[in-house]
Amino acid sequence: SHLSAHCWSHLHPVNMFNSCNVKFHHSKALTSPYPGSHIERSHVPEDKVDWLTEWKDYNPVEYTAKSVLAGPSWADPQINDEGFSPKFNERDGEVERKSLNGSYVVESGRPRNPAGRTGLTGRGLLGRWGPNHAADPVVTRWKRDGSGNKVAHPVTGKNILQFVAIKRRDCGEWAIPGGMVDPGEKITATLKREFEEEALNSLQKSPEEKAKLEKQLQKLFSQEHLVVYRGYVDDPRNTDNAWMETEAVNYHDETGETMDNLPLEAGDDAGVVKWVDISEKLELYASHSYFIKLVAEKRGAHWSEDPGSECHE
């Protein structure tokens, strides 16, 4: 499935091209104020984002959130702290410091954001210097009517796909129920764990209830899946020295039998959880709309009433 995903998603490893071969520009990674703060980024004009463009006067603001500086288990120490010598561009003990987009530059001991300048140095809200790895499970089923028949969109005639969406507590935006990969954790384990915690509230369940959920989910998460995207994410938390990367994976319940019986219940970082119809009208957190669009295209599902917005080979 890795191979087929790479064939159809057209993602250029360094320039982050999306499936319509449009360059992936920083936009969310340039927004001010920085999330959860009053910190304004230094303004970066579009023609100065690329590191290859010379900009002698570039003088970004330095910011790392207090929650990160407090030294929680998920965060690195400050770069100059005694005894901290991270191995960038490789696996560093249990911490994966390799980027999904290949090697990144390390300048004066600090990793450099591969997608360009952001107007902010330090780590902001991110725990790791360099790549911060996340996993986004896109769990889908076909929309069906009361008789169990697939529902087609009245304009395009394509079947409507639904996915499990959560409303994030931190920013109130709708999103895929994903999260950070724990040190030493396999990406497949993260995908399943995050879905359980955020969409099924597994952290609050009894051992018996949890075992029952595990059994149902095992069927869905062990079947063939589609790797929709692997790489850099344009995220409002990104800085010049720390950035988000993700692996978005689609688990599709073709018959609906597995997911129809799963009790969706918001948990952990999620305020609300529900099945949402997929279309271009969705406004989702970070790059999530883009991942959802790729899933709809691959599944041959409805996306847009405007035929010009679909990508064709």
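Just so you know, the numbers here start at 1 and follow the chain as drawn.
Cβ atoms are placed via backbone N, Cα and C, with glycine included.
Any TrEMBL annotation is an automated prediction that lacks curation.
Feature annotation from TrEMBL assigns region 'Disordered' to 105-129. The feature domain 'Nudix hydrolase' is assigned by TrEMBL to 142-298.
Among residues of the same chain six or more beyond the region 'Disordered' (105-129), those with a C-beta under 8 A of the stretch's C-beta atoms are 14, 16, 24, 26, 29-30, 32, 34-36, 39, 41-44, 48-51, 55, 58, 60-65, 67-68, 72, 74-76, 79-80, 86, 88-89, 95, 97, 99, 180, 232, 234, 237-244. Across the range of the region 'Disordered' (105-129), the DSSP-based residue counts are 0 helix, 9 strand, 16 coil.
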